[in-house]
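Structure first, then comments.
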Amino acid sequence: MTSKIRMTMILILCTLLFLISTLLLLSIGDIHLGFGQVISVLLGTSQDYTANFVVWQLRLPNLLAALITGGALAVSGLILQVTTHNPLADSSILGINAGASLGAVILTAISLSNDLLPVAALIGALISCGLVKLANRNGSPIQVLLGGVALTAIMNGLILILELRLNQFSFDKALIWLSGSFWNLDLGYLMINGLASLLLLLLVMALLPTLGTLTLGETMARGIGVNVKRGQQWLLLVAVGLATVAVAVGGAMSFVGLMAPNIAKRLVGERVNLLLPVSWLLGTSLMMLADVVANNAFGKVALPVGLIVAVVTMPYFIIQLFSWQREA
Amino acid sequence: MNWWQRHLVGILIVGLIVVATLNVLGGSRWYELSALWQPMHSLLGKVIWTMRVPRLLASVMVGALLAMSGLLLQTVSHNPIADPSILGINAGANLALIVGGVLGVGMSIFNTVWLSLVGAGLAFLVVMSLAMSRHGIAPLRLILGGTVFSGFISCISYAISVMTNTTEQYRNLLVGGFSSSTYGQVVLLAIVLVIVIVTAACFQSGLTLLAMDATSTRGLGVSTGILWSIAASLIVLATAASVAVGGNIGFVGLGIPQLIQAIRPGSFKQNVWVTLLGGSVFMTTADLIAKATVPGVELPMAALSALFGGCLLFMMVVFDRRVIQV
């Protein structure tokens, strides 16, 4: 009973964190709005023209982008960690993000329209996922991680060459795909990607029982009568899809998919029906807060969100690496 | 031993001469071989002697230094996949250069060198202390921790340069290359190279012994502490000088020693000079590719070396059993 109360408390706290991050993102900026104003705008009761304009036109796109990228990365990281039994797995260290970025960059190099960008990113992500699976032949977690590091290096090299060949001076654009930034805040584009991520999240919900059995370990799962291979493959595909959506919106953000599920696991344990929502809430909150900091903490300049995310998540990865080694 | 294993040094020297000649003649415009005999004061002679030759010399020496520091690092860390760029030394030197630039330190050759030395040294200390466990250096921590740490430092460098509106400088460091090499830089590299070569030659037997596990080394009566610090300072010195001149060029230190090792397996002592030559040949070739493949465009050197080294690393991780035994 006490554990049930604890879980409820954690869920409530995470939701609170999520709501506060949302309000912060919507209220802080060059034009400062109060929480009350934001809430009344959201409820549709505000008559203030500026407040309405700021919230709906200026800050909603950022909110959507943060929700899509943060949520998709966190859930994809959770799936990767469970299916590979590797607490350090996540789409950025495995090179999936870099693959998706490379796909996107190749598309922008050969065509002028961005319509097919998510498709190109998906192809890139699938290719790098296949290559990582090659590194996973022996099932050694270390091998997979190192393979991912190598892949990331190769793909980032290609991205740099392609982007600089396009235009020696469009260096900042190359960095979107190397370190992550909300580069396209067009509402239509965000809506399409949001819809895709929503569908994928629903698919994850449908696969939740399989994911739950996989936390028990493969032998146990097989014993219960789960088709482990098929389930893993489906889940992996969904994870790659989610990472692709995140990259299409925000470029190659690092380690959100590592950090959110890991903290969630510490809070609620191994139960996936709790892990999933808590990871999502934490991932999105992280992304929204990073957006707030990136846009407001440095005076007149706005930093790319990816940098703030990296500065937070990379030390977390190193800490996590140590505790993992100690257990192993 | 095959004949080409026995004559590897000779082959590499011939290769270096050929590639060096091509490097001087090639570029956005190719010259005839006779251009080398043109008098100094003619336009052609000026291009050759004030632009192309220093560039060639810089790439030869940076290649040698990076390969050397990679080999040293692999020897002392008992780990085939160590590289200065994986360990954040490059990124540390970069960060120091950016911070120096922002603080208004003039970018004279002397200043760039001590800045990158300080940065490289600090980053090296951080990564090593991260990697130290009770059983010596833990290879996995060294590599993964180092990679992520160097990513972290690069992000900070980028953030600083965005805030202070100096992304141009960050770009130059990240992209790397030798397009603006001068004779001043060449002299600097030559001094560092001589220091590194002489020290390595003096201590080559000791450094070879470091490759064994710590207990055997100590059992032989070698003072590991001193050798360790010598190796570490050589690594930092070589990498810092390379970054100061050529920017953030990674993976050469990984790739060249491993290739040489694959062609001719041997200890540090047996392979160190071949590795040095191999690094030079590689870097000169890469520089030629960077400036001559697409006319009018300089391909980013950092990306070229990452492509080569990343592919090699991936191959090693997937197909080489040694890597997994950590």
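Using the three backbone atoms N, Cα and C, a Cβ is placed for every residue, glycine included.
Here is what TrEMBL records for this protein:
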- B:7-31: transmembrane segment (TRANSMEM)
- B:51-73: transmembrane segment (TRANSMEM)
- B:85-107: transmembrane segment (TRANSMEM)
- B:113-130: transmembrane segment (TRANSMEM)
- B:142-163: transmembrane segment (TRANSMEM)
- B:183-207: transmembrane segment (TRANSMEM)
- B:219-237: transmembrane segment (TRANSMEM)
- B:302-319: transmembrane segment (TRANSMEM)
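The largest share of C-beta pairs under 8 angstroms with the transmembrane segment (B:183-207) comes from B:51-73, of the ranges B:7-31, B:51-73, B:85-107, B:113-130. Each of B:7-31, B:51-73, B:142-163, B:302-319 was scored by its Cβ pairs under 8 Å to the transmembrane segment (B:85-107), and the highest score goes to B:142-163. For the transmembrane segment (B:7-31), the residues of the chain that approach it from at least six positions outside its boundaries are 44, 48, 52-53, 55-56, 59-60, 260, 263-264, 273-274, 277-278, 280-281, 284-285, 287-288, 291-292, 295-296, judged by C-beta separation under 8 angstroms. Listed by sequence, the residues of this chain that lie at least six past the ends of the transmembrane segment (B:51-73) yet keep a Cβ under 8 A from its Cβ atoms are 16, 20, 23-24, 27, 82-84, 87, 178-179, 181-183, 185-186, 189-190, 192-193, 196, 200, 207, 231, 234-235, 238-239, 241-242, 245-246, 249, 252-257, 268, 271-272, 275-284, 286-287.
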